[in-house]
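> The following block contains the structure, expressed as structure tokens.
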Amino acid sequence: MVKQIRRYALFQATPDSEFVKEMYGGYFNVFVSAFGDEGEQWDLFRVIDGEFPRDEDLEKYEGFVISGSLHDAFTEEDWIIELCSVCKKLDVMKKKILGICFGHQIICRVRGGKVGRARKGPDIGLGNITIVQDVIKPGDYFDQIESLSIIQCHRDEVLEPPESARVIGFSDKCDVEIFSVEDHLLCFQGHPEYNKEILLEIIDRVHKIKFVEEEILEKAKDSIKKFEPDTQRLHMLCKNFLKGRRTH
């Protein structure tokens, strides 16, 4: 019997920066490097450009990842409305969806939560997330850990999580850093896929266009010098979720 190839898809909600294209060949390769395993097939849908899988093809995939974006998840842009529609279908199908930053907020919106501008302002740099211990089940895809260090880069946030959500992590900047719904939706406000080089380049870009106050960017650079993200643990956690693995 021929072993069936496990298929996953990235919904890319941001254009590739020149830096990422030059260094990695595009964000798609960054995500596959972080969350992919040998023998899998990963497909790219540039949802920001209106590229979506056909309804009849959704069943072919084991899981989906929604990337970050400079766009607001709470707007009525055509492609965002279409993305929400596709995610609703996947939710009904109980397909695994890993939402990251903008993707985290899209899943919140789809599930009836509230998204908007971050109450405490933009968060850029290395941040520490406190894990809510009593929602972690022993042997689940989520390790028994007290905290996670993650790269942050956002100005919006989940203001009210969906009623059905379990809030797994919070920080001093954001009340809903990580949430899950049942066993098929997992969302991070931060960026498990980013490394320091990608973040530093983003800081330079937003500084040039004055997208964020300079004081915030200086603090971000300082945090990058002082701390390290829990990259390996974050990648393994996301893989465990997408592939139905357990920690023990």
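Any Cβ shown, glycine's included, is placed from N, Cα and C.
The following feature annotations were taken from Swiss-Prot:
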- Cys101: active site, nucleophile (ACT_SITE)
- His191: active site (ACT_SITE)
- Glu193: active site (ACT_SITE)
- 17-212: domain 'Glutamine amidotransferase type-1' (DOMAIN)
> Just to verify: the residue among Cys101, His191, Glu193 with the fewest other Cβ atoms within 10 Å, which of the active-site residues is it?
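Lowest Cβ count within 10 Å among the active-site residues (Cys101, His191, Glu193) is His191.
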> Calculate the distance in Å between the alpha carbons (Cα) of Glu193 (active site) and the residue listed as 'active site, nucleophile', and round it to a whole number.
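Distance (Cα to Cα, whole Å): 11 Å.
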> Could you state the whole-number distance in Å separating the C-alpha atoms of the residue listed as 'active site, nucleophile' and His191 (active site)?
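Pair distance, Cα basis, whole Å: 7 Å.
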> Which of the three DSSP-derived classes (helix, strand, coil) applies to His191 (active site)?
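DSSP call for His191 (active site): strand.
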